[in-house]
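Now, the feature entries from Swiss-Prot:
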BINDING   Gly111, Thr112, Asn113, Gly114, Lys115, Ser116, Thr117  ATP binding site
Amino acid sequence: MNAYKKQKIGIFGLGKTGISVYEELKNKYDLIVYDDLEANRDIFKELFGNNLITVLSDSRWQDLDKIVLSPGVPLTHEVVRIAHHFNIPIISDIDLFFEKSKNLKFIAITGTNGKSTTTALISHILNSNGLDYPVAGNIGVPALQAKASNEGYVLELSSFQLDLVKSFTVKVAVLLNITPDHLDRYQDMNDYIAAKAKIFDRMDKDSYAVINIDNDYCRKIFVLLQKDQSIKLIPFSVTKILKNGISIVDDKIHDNDLTYKLPLNKNLQGLHNCENIAASYAVAKIIGLESKKILESISSFQSLHHRMQYIGSINNISFYNDSKATNAISALQSIKALDNIYWLAGGIPKEGGIEGIKPYFNKIKKAYFYGQAKAMFANTAKNIIDFVICDNLEYAFNIAYKDAVSDTTEVKNILLAPSCSSYDQFKNFEERGELFIKLSKRHWQ
């Protein structure tokens, strides 16, 4: 951290990331801080006092050596304009983290969907085989608050974080997929793709790029990277067997010329999780693990909360919590993985609603729509599937459970895959998912 000695640094954004930056830099540098959200400023005041909170109109923001920007702050924000006008470098918490951990190995994962599961799965595989690779980043653990390691880290990086990173070099960079998302932040789809591709800007001759070539956008990036002879490329696919790369087809993992049976794990169902497994397997092989050890670790993985999380079964009914599925593309992955689904969906709808799920409505036994999206979703589903319009998630769950119990089908699944953000009725997707877990567990406790 000597590079920041006696410097004047501004911290903009006081959520989890901003707080972690402050705790890293406090008492070492001349700091000022701010956040547009009064709630975040109030939390900061309670923790650290009011002395450092400085509005943007204060001239001290124009006389800084650096500004550490939280990833949620749009690059069109006034603080960014000030930084550019006064030639103040903007950095991120990832830059600070890398500076103090630069001798370690970094595995970075990005993609529109599946980042958190893949990050956790890679960490699980490595750690269960005697290595020490904690998770950090967008997975919910700010990098600067990550568990100490002498070996390396598995970092989940969003496009927002990749926009900010300046000095970070990775051992392995993973690109899982790219689908339309965050288009309120980016000018267009090309701008969003370029943000994701930045994960490959920070590689050296010893680095590996692991890329899903089933995805059209990712495949184009793969083709471009083939022109750079210094980067080692590992493609993966779940639709075809690759001669050189990792494939999962027909419940088998194909590792170049070798073939292994895919381990059964209820927490990793569906084609989307095959992508996550393929990427994780590739990374573990790069780090040096044997295939047998990797497969054993995959079979013992416990899924992250709220991400196609298997809760349990009773009366031939299985309960799955995919509260993190905040758009139709994410929800579709869970729906593809199951049959005879009693589907709970609703909240604040995203553009396009559930139109993208219509080709798979045959997997849904009955739907239960709630929240702001209920009328919109009902309009999409009418004359195609049975549905009930509900006031809230708890009411939807109770009706769904009653219907599932009366169904004589051998296997039934109650799935929370909202396809919406949660803010109309919940603080966040975690709170929504916890309610579903609580309601599910009532029936076998």
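For all residues, glycine too, the Cβ spot is worked out from N, Cα and C.
Taking every protein chain shown into account, Thr112, Asn113, Ser116, Thr117 are the binding-site residues, and of these the Cβ with the most other Cβ atoms within 10 Å belongs to Thr117. Sequence-distant neighbours of Lys115 (ATP binding site) (same chain, 6+ apart, CB under 8 A from its CB) are Ile109, Asn138, Ile139, Glu156, Leu157, Ser158, Leu176.
In sequence order, Leu176, Asn177, His272, Asn273, Glu275, Asn276 make up the list of same-chain residues 6 or more apart from Gly114 (ATP binding site) whose Cβ falls under 8 Å from its Cβ.
When Cβ atoms from all protein chains are considered, those within 10 Å of Gly111 (ATP binding site) total 26, not counting its own. Neighbours of the ATP site: apart from Gly111, Thr112, Asn113, Gly114, Lys115, Ser116, Thr117, residues of the same chain with C-beta atoms within 8 angstroms of the site's C-beta centroid are Ile109, Thr118, Leu176, Asn177, Asn276. Thr117 (ATP binding site) carries a helical DSSP state (H, G or I).
Taken residue by residue with DSSP, Thr112 (ATP binding site) is part of neither helix nor strand, so it is coil.
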